[in-house]
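Here is the structure we will look at, set down as structure tokens.
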């Protein structure tokens, strides 16, 4: 038994997760009635979601309170990359929809309890109100905009505190980080359970009716991950981006794919940034911010499904309208974390550009929920892995400029 344990400890986390995925698929196909097994995945995701707000608050307030005047954090470039990357993803989705026009079979049942925002202004109003949320409520509800804003305020206030107080804050951040390490080490079991749940509840053939839609959505996201993002990276760093891109996809995207939660993946991303050797002053702010506004995958989902609706209803669309759609999708996607239902519930905002009624747009949303098992997984994997990628290339570019 000890030999098996020692062998397990020596195996890398990624290989353990791979083993967990295989076992989860086999159990889902061969023993779908083991419903009690699903609780392990819920506990794993619940643990990550529970610790993530505390981790963000502790790290951000600690980093800002210890920050020396004039220290470089590269946040301006990172925020630009987040916004530009989201817009580029939206533009690629428009081009994909032109090359591979989709039509949808509607009359899909829709959850009537969901209420989409009435426009981009409402999305941003919601985000602004989250800035001034009660700090305790922000932590309890995982409102990362609120957590970030209060962590920054507390960090600035703590700059004038005694060294003993700052040391206490630093210790709290280290303790929280250690708890995160313990939870992440349970990823193979948690992901095995999540894979089992997906296979046992949905089967392997339930999505065959929507195969082309899934292919277009996933293909666009893969193109952005393996072509567009590396192109952005090479323009910034002037070096081969693929080792970093593939590492981000492997160590961040894989976990995000199965948890389907950018919030739950924040601790994973922070640990990866630490392993890469990035500055804590930077990634403690950029990673939770990225989980909120870096939404390339969401922009792809909004545009592909909106243009599928446009093709379904035979609505003509010119280049300028498509460009405007990309802007609206990018802006809306940045607010996806502030909307219940995420990117899918922002589709009516984009559909309104073409005069598509809310009732019809919500039927498109219904189609989105049907393919959501795969769409949401790929979307989260792209969004979350890009948070680390853009943080890393911004810091890399800074050091190259400094050496020049």
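Cβ atoms are placed via backbone N, Cα and C, with glycine included.
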In Swiss-Prot, of the candidate ranges 266-286, 287-307, 350-370, the one given as transmembrane segment runs 287-307
Swiss-Prot feature transmembrane segment, matched against 39-59, 102-122, maps to 39-59
Same-chain residues at least 6 beyond the ends of the transmembrane segment (75-95) with CB under 8 Å of its CB atoms are 220, 223-224, 228-229, 232, 236, 282, 285-286, 289-290, 293-300, 302-304, 307, 322-323, 325-327, 329-330, 333-334, 382, 386, 390-391, 393-394, 397-398
Query: Do the transmembrane segment (287-307) and the transmembrane segment (138-158) come together with 3 or more C-beta pairs under 8 Å, pairs six or more apart in sequence?
result: yes
Residues outside the transmembrane segment (39-59) whose C-beta sits under 8 Å from one of its C-beta atoms, at least 6 past its ends, are 138-140, 142, 144, 147-148, 150-151, 154, 169, 172-173, 176-177, 179-180, 183-184, 186-187, 189-194, 196-197, 259, 261, 263-268, 270, 280, 284, 288
